[in-house]
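Here the structure comes first, spelled out in structure tokens, and everything after it is commentary.
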Amino acid sequence: MAYHSGYGAHGSKHRARAAPDPPPLFDDTSGGYSSQPGGYPAPGADVAFNVNHLIGDPVANMAMAYGGSIASHGKDMVHKELHRFVSVNKLKYFFAVDTAYVAKKLGLLVFPYTHQNWEVQYSRDVPLPPRQDLNAPDLYIPTMAFITYVLLAGMALGIQKRFSPEVLGLCASTALVWVVMEVLALLLGIYLATVRSDLSTFHLLAYSGYKYVGMILSILTGLLFGSDGYYVALAWTSSALMYFIVRSLRTAALGPDSMGGPAPRQRLQLYLTLGAAAFQPLMIYWLTFHLVR
């Protein structure tokens, strides 16, 4: 029994010795991270390592620089192509308005008969922006009036139980296409009549777009007072717009540079102005009569 006890004690001494650790299956790569309790890396340490590695990688830097140059080149190309077809600076001029100008211009479009001076004001051979000159054409009122016309047309169609997205889209596209065709016809007439003036496409688009104001008033009056009110408003807004177009275009197309021209050319220019003015009531009626019943 003593032998067995001694053997057991001897065996326990051998077992008490620390056995050598087996070789690790994987290499310890945690030395690059700051030590944390439990042997886990510090939060964000792997992200910082990846960012530092990306910044220090010359291939990544070259790729980032190349991508930035491509984006910059593409931006320059877009701006170049945009400036080829549309002058942004000229377009900004037609939207340089304020609240006072909009209120006065709407009043002028509705009642233009008492306005005296129709000439566009200049400063150092540069026309003043619309907010400083009531006679200067703008594109803000035509744009807002077109949007209001589309919304009002949708409301009128809804009241008549005829609303549908297709009908509203057809109404909006028809109004826009007719204005574009009117501007193209005016450009052709100016070219054939050899008019020397400062009228540009934007000017003609602004003058043609002012009809939306009369269209809105006619539709609103028709919805409130029926067909009789619609025709009264149509007659008033049409006559006011005709007077406004004749005075504005005649001043612009028959300016001082054109007054000394031959008599036949002056007659052609006058006929062009009267034709553009006479076309406005027809367009207002054509684009609004089906919305009032």
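Yeah, the Cβs are placed from backbone N, Cα and C, and that goes for glycine too.
Quick look at what TrEMBL annotates:
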- 1-33: region 'Disordered' (REGION)
- 139-161: transmembrane segment (TRANSMEM)
- 167-192: transmembrane segment (TRANSMEM)
- 204-224: transmembrane segment (TRANSMEM)
- 230-249: transmembrane segment (TRANSMEM)
- 270-288: transmembrane segment (TRANSMEM)
Leading stretch by Cβ pairs under 8 Å, where the reference is the transmembrane segment (139-161) and the options are 167-192, 204-224, 230-249, 270-288:
204-224
Residues of the same chain, at least six outside the transmembrane segment (204-224), with any C-beta under 8 angstroms of its C-beta?
94, 106, 109-110, 137-139, 141-143, 145-146, 148-149, 152-153, 155-156, 159, 175, 179, 182-183, 186-187, 230, 232-234, 237-238, 240-241, 244-245, 248-249, 276, 280, 283-284, 287-288, 291-292
